[in-house]
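The block underneath contains the structure these notes are about, expressed in structure tokens.
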Amino acid sequence: MNSVLALIAGAILPLAFAPFNWFPIAFVSPAILLAVWLRSRPLVAWWRGWLFGFGFFGAGASWVYVSIHHFGNANVPLAVLITVLFVFVLALFIAFQGLSFSLFFRKRKAALTALFAFPAWWVVWEWLRSILFTGFPWLFLGYSQINSPLKGFGPLFGIYGISLIVAFISGCIYLLVTSKKLNKKIMCLILIILPFIVGWVLTFIPWTRPGSESVRVGLVQGNIGQRLKWDPDTLYSTLHTYYSETQKNWDHGIIVWPEAAIPIYPQQVSVFLQALDKEAKQHNTALMTGIPIYHEKTNKVFNGLMVLGDGHGLYLKRHLVPFGESFTSSKICNLLMKYFDIPMSDLSPGPEDQEPTVVKGIPFAPFICYEIAYPTEVLNHLSNKQFIVVVNDDSWFAGTIAPAQQLQIAQMRALETERYLLYSTNTGITAIISPEGKIVKSAPQNQRLLLTGQIKPVTGKTPLMRWNYYPVVGIIIIFLLLTFL
């Protein structure tokens, strides 16, 4: 029965995230897992943790099937097998989280374990999942709270801090249900309610300073299917799509085209780029576009973002998607690359230190696709940037919940840094996000259009930008020490 309960608890947890946003589930589901683990010996806790993880990632991340089958040319059985293996491996993180939790904490006092060990250990394993095997920083508990009062903790403690608070509340819920004394139940209720009150108050504190002048922006959503996009015969049509939407809107100060909007090297469309750059300068418009970059001297290809017109800079994507944008040099990986025939699947990562990207005299932080999901990497490269730009192409996962999940992640990055964030995608969800992490405007998916809005450059730093995650690390250490009192 406990094993079935663990599986169900994991399977319902994705409902707490976008596009469903039933955020209270994020407190209940881990509380159920905690109850199961506290009744399990180490190996049993491993198994039940794996079941929870299989349900969680099976329901929340199985969208990889779409890209493997529809765009990787894998037949249905093979695509299903790869998807199951993907979910199987992800579930191992929670399995070993359960094993170690049971080994270290099961015999400690239940109250201390629930209040301190459980939330601290949960965040430790979220962090491990973000760095091991290139990382999969997806579906962290804290993302589910982007629309709850707990979002107020975002500028202070970031995603890991909010995850810590969510898991802490889960521990309180477990104690509320299992405690027999009224005074303990009342204390648990107070501990559950208090973070929401504090978080709500924190939402009224501005940590940064928006500029006085607004900049009009336009995000072009080309809505070009993957197969058409990479077909050489449709190159002219693709370029015309983006140019025609731009030509009608040169009155915008900033125009953004999505990831690989120009699906060909700059050397091959130099005349087009020169003309586009000249026209943008004539209208005092900064135009940025995703484009693959080929370095002839090194024979390397990069996923890039180029700035034209009233601005300058070229950004090369640093953190590549494993097996989507990069393969190791092993023979097996080379065979996989040839079999799946994925466009731009043998890229090189850009250098850590790159020239600043600037539009209309405003420095901004560019990120491409998957990079926005790495909390510490975003912080490390933000520095004095005054807004954030993310270019993406979620058509790889068309018809799934992945685009909504990634947009929610982008909302958290905007909230953590209190910067406007321009989220430009090929097929949607294109959006403009406020420094409060709210979606100011968004475009419907699978439509060709230009999303317009206004942003303000932001100066100053949030506490998270100043301190990084050191306070959260300190709290985790204290929590773990308290467990052994």
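The backbone N, Cα and C atoms fix where each Cβ goes, and this holds for glycine too.
The transmembrane segment annotation in Swiss-Prot covers 8-28, 49-69, 76-96, 121-141, 157-177, 186-206, 464-484. For 220-457, the entry in Swiss-Prot reads domain 'CN hydrolase'. The feature active site, proton acceptor is assigned by Swiss-Prot to Glu259. Feature annotation from Swiss-Prot assigns active site to Lys317. Look at Swiss-Prot and you will find Cys369 tagged as active site, nucleophile.
Feature annotations (Swiss-Prot) mapped to structure.
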{"residue": "Glu259", "record": "active site, proton acceptor", "Cβ within 10 Å": "25"}
{"residue": "Lys317", "record": "active site", "Cβ within 10 Å": "25"}
{"residue": "Cys369", "record": "active site, nucleophile", "Cβ within 10 Å": "25"}
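Residues 13-14, 16-17, 26, 30, 56-57, 60-61, 89-90, 93-94, 96-97, 100-101, 104-105, 159-160, 162-164, 166-167, 319, 322, 373-375, 405, 409, 472, 476, 480 of the same chain lie 6+ residues outside the transmembrane segment (121-141) yet bring a C-beta within less than 8 angstroms of a C-beta in it.
When Cβ-Cβ distances below 8 Å are used as the criterion, the transmembrane segment (464-484) is approached by residues 105, 108, 112-113, 116-117, 119-121, 123-124, 154-158, 160-161, 164, 375-376, 379, 382, 416-417 of the same chain, each at least six residues removed from its ends. Cα to Cα, Cys369 (active site, nucleophile) and the residue listed as 'active site, proton acceptor' are separated by 8 Å. Here the listed stretches are 49-69, 76-96, 157-177, and the one with the most C-beta pairs under 8 angstroms to the transmembrane segment (8-28) is 49-69. Annotation note: Cys369 (active site, nucleophile) sits in a helical segment as assigned by DSSP.
In this structure, the CA atom of the residue listed as 'active site' is 11 Å away from the CA atom of Glu259 (active site, proton acceptor). Listed as Cβ neighbours of the transmembrane segment (76-96) (distance under 8 Å, sequence separation of 6 or more from its ends, same chain) are residues 10, 46-47, 49-54, 56-58, 61-62, 64-65, 68-69, 125, 128-129, 133, 136.
Secondary structure at the residue listed as 'active site, proton acceptor', taken from DSSP and collapsed to helix, strand or coil, is coil.
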